[in-house]
Amino acid sequence: MATPRGLGALLLLLLLPTSGQEKPTEGPRNTCLGSNNMYDIFNLNDKALCFTKCRQSGSDSCNVENLQRYWLNYEAHLMKEGLTQKVNTPFLKALVQNLSTNTAEDFYFSLEPSQVPRQVMKDEDKPPDRVRLPKSLFRSLPGNRSVVRLAVTILDIGPGTLFKGPRLGLGDGSGVLNNRLVGLSVGQMHVTKLAEPLEIVFSHQRPPPNMTLTCVFWDVTKGTTGDWSSEGCSTEVRPEGTVCCCDHLTFFALLLRPTLDQSTVHILTRISQAGCGVSMIFLAFTIILYAFLRLSRERFKSEDAPKIHVALGGSLFLLNLAFLVNVGSGSKGSDAACWARGAVFHYFLLCAFTWMGLEAFHLYLLAVRVFNTYFGHYFLKLSLVGWGLPALMVIGTGSANSYGLYTIRDRENRTSLELCWFREGTTMYALYITVHGYFLITFLFGMVVLALVVWKIFTLSRATAVKERGKNRKKVLTLLGLSSLVGVTWGLAIFTPLGLSTVYIFALFNSLQGVFICCWFTILYLPSQSTTVSSSTARLDQAHSASQE
């Protein structure tokens, strides 16, 4: 399954445990599902067993939210003790010790995954995995404390579902590098906006081609279980590893995610721009042709099917136009202008998805339901849905300030393309729900209807079929036309692996969707009734239009 972010990007180149719970008096305890704040050896071993199971397989018995919060809060529990502590388990290594705030030197700690973190002196050889805490961090702490508690934690989250979040549950090869989290905490305080950032060095081998490394932290405020965010962190790739510079303290990791190099982005952008330009020409021809037919043929004033086709073509025309303006403008203009371009592009993208769904709904009435298909003011109601529903979604998304500058970077973290979309650092739930989730619903509905319609077409009796000689060719043309109307090619972004060939096919086919629609419209409506390719579909259109009168 391809990355949900891949749909937007390709188109644009295109455990706070609850307290007060009573123990059940009967039945066995299920600590994997339960939540508590007990850190004695008995409860700790229970949680460790659950954590191990979830790390390995992501069992249904896992309460991911509770387990994640449990281990995040375990660090805070260690901070409450007064003595230096070391924790050494197969998946958790932790060091807690007192540090003087009146220091003249930065503090260094090793982060070797197989060892408990330890303080490293300035004159020692620096370990490949390490963290540097600037002295200014301790001097800026509130309360004029002379001594503070510092906790350094290394957590192996394994390949399961823990600490994955929506950004990594995409099946596109993304993941936490070496399944390792590094936690930093000082004095049980929420430390943010450091004047001098801390530095974490992750050593690793050279990443695979078309993969990039990004420094992130676990943001517990995102959603119900938290998610990864890169806000406040910068990424610098060095020969010895990747350096993360962040202006706050929390749990950090290095994400490995698919990316596109500059040459690929450039080629895809040119393909998309050329395809969109050609598509706009054909879509404009479709709209003009419909206007001509509406003036010259009386039946086009009452038929709903041509109106729906033209509405879809209009939404795609405006979507292509918004895309060309967006790519051409890049980061130019004010933040408000970028917000507007992102909102307009999002709106017409949702309009295109909606009209594809309405095309499928109309096909359902024509070929599947057939009888009792009368709806008063049918096209008006479809228009309210096709143009109004996306507007409501964009208003809701825009009110959360989700639009802004979006940057596509290559594996060296160089900017490949800038445009206005969902801004970086914002919650991605709006993107997942209003773009990928919404498209998935309309796409699956369209596929079900298309399958039913194709089955009907290919099982027509010989009495109503056209001549045997050209039957198969005409059926194939009908299938291709219907596929264009319901947006079959968009499924490449959801149901196929995000390989380079898929990227090119997606960019080409979707930018040329307008060409397919124009050819379908011309073949279906321009010739006389006797030479129409899909006579069965035309008769269905006429029958449905008659029922609306």
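Placement of Cβ uses the backbone N, Cα and C atoms for every residue, glycine included.
Database features (Swiss-Prot):
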BINDING   ASN510  cortisol binding site
DISULFID  CYS215-CYS244  disulfide bond
DISULFID  CYS233-CYS246  disulfide bond
DISULFID  CYS338-CYS420  disulfide bond
CARBOHYD  ASN98  N-linked glycosylation site
CARBOHYD  ASN144  N-linked glycosylation site
CARBOHYD  ASN210  N-linked glycosylation site
CARBOHYD  ASN413  N-linked glycosylation site
REGION    215-262  region 'GPS'
SIGNAL    1-20  signal peptide
TRANSMEM  271-295  transmembrane segment
TRANSMEM  305-326  transmembrane segment
TRANSMEM  339-364  transmembrane segment
TRANSMEM  379-400  transmembrane segment
TRANSMEM  429-454  transmembrane segment
TRANSMEM  475-495  transmembrane segment
TRANSMEM  502-525  transmembrane segment
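Everything Swiss-Prot records as a feature, shown here on the structure.
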residue: ASN98; record: N-linked glycosylation site; DSSP (3 states): strand
residue: ASN144; record: N-linked glycosylation site; DSSP (3 states): coil
residue: ASN210; record: N-linked glycosylation site; DSSP (3 states): coil
residue: CYS215; record: disulfide bond; DSSP (3 states): strand
residue: CYS233; record: disulfide bond; DSSP (3 states): strand
residue: CYS244; record: disulfide bond; DSSP (3 states): strand
residue: CYS338; record: disulfide bond; DSSP (3 states): helix
residue: CYS420; record: disulfide bond; DSSP (3 states): strand
residue: ASN510; record: cortisol binding site; DSSP (3 states): helix
Those disulfide-bonded residues, out of CYS215, CYS244, CYS420, that come within 10 angstroms of CYS233 (disulfide bond) at the Cα: CYS215, CYS244
Quick test of the contact rule: Cβ under 8 Å, at least six residues beyond the ends. What residues does that give for the transmembrane segment (379-400)? 304, 307-308, 311, 315, 339, 343, 346-348, 350-351, 353-355, 358, 361-362, 426-427, 430, 434, 438
Given 271-295, 339-364, 429-454, 502-525, the one sharing the most C-beta pairs under 8 Å with the transmembrane segment (305-326) is 339-364
Nearest to CYS244 (disulfide bond) by Cα, among ASN98, ASN210, CYS338, CYS420, ASN510 (recorded positions)? ASN210
One should report the C-alpha separation between ASN98 (N-linked glycosylation site) and ASN144 (N-linked glycosylation site), rounded to whole angstrom, as 15
Positions on the same chain near the transmembrane segment (339-364), where near means CB under 8 A and six or more residues out: 11-12, 304-305, 308-309, 311-312, 315-316, 318-319, 322-323, 325-326, 329, 333, 382, 385-387, 389-391, 393-394, 397-398, 401, 403-404, 406, 419-423, 434-435, 438-439, 441-443, 445-446, 449-450, 452-453, 482, 485-487, 490, 544
Name the one residue among ASN210, CYS215, CYS246, CYS338, CYS420 whose Cα is closest in three-dimensional space to that of ASN144 (N-linked glycosylation site); these are the recorded positions. CYS246
Per 10 Å Cβ neighbour count, which of the recorded positions ASN144, ASN210, ASN510 ranks highest? ASN510
The region 'GPS' (215-262): mean pLDDT? 85
Nearest to ASN510 (cortisol binding site) in three-dimensional space, by Cα, is which of the recorded positions ASN210, CYS215, CYS246, CYS338, CYS420? CYS420
